[in-house]
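Here's what TrEMBL has on this protein:
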| type | residues | note |
| --- | --- | --- |
| DOMAIN | 9-164 | domain 'Peptidase S26' |
| TRANSMEM | 12-30 | transmembrane segment |
| ACT_SITE | Ser39 | active site |
| ACT_SITE | Lys84 | active site |
Amino acid sequence: MKKYLRTIFEWGILIVVAWVLSFGIRTYIIDTRIVPTGSMLPTIQLQDRLIFDKVFYKSKPLQRGDIIMFTAPEGSGEHDDLVKRVIGLPGETLEVREGKVWINGEPLEEPYLKEAPEYDYGPIQIPEQSYLVFGDNRNNSKDSHVWGFVPEKNIGGKVLVRYWPMERWGFLE
């Protein structure tokens, strides 16, 4: 009987430790999201499952092309966490014209786009500690061209991996 109680106690400790570790990792280090919209097509599909890094991405500045998870800016009308691609960096001047994004007067190559944007935007100077983000599905994405800049403090993490569906598993770039 004593051995039986000891085994139950050990399993109980193991379960508590596993739960605490899982909670800590998901709260502070990595987390997951299910993509609710098609705004990042074709790169990210509707209902894809993503893992994002909440800590280590902060060790170096975000780069153009990084895919991030963030809370929408105040007044945007969006209430969920969003996933978009970083296009404009702090201090840059950005414009959308002639179906292309122009940064500081130079056209941006975007091989991940299926179709060019059908709208014009800017020119606009991106404030310090803010980013301009667009969905890859430019003509069907509510993003910075609709509601403005994303403050650095709103960024929750950098998307690392698509883990579902399995046939499209892989790192996102």
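Placement of Cβ uses the backbone N, Cα and C atoms for every residue, glycine included.
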Within the predicted model, mean pLDDT of the domain 'Peptidase S26' (9-164):
92
Residue, out of the active-site residues Ser39, Lys84, whose Cβ gathers the largest set of other Cβ atoms within 10 Å:
Lys84
Which whole-number value in Å describes the distance between the Cα atoms of Ser39 (active site) and Lys84 (active site)?
8
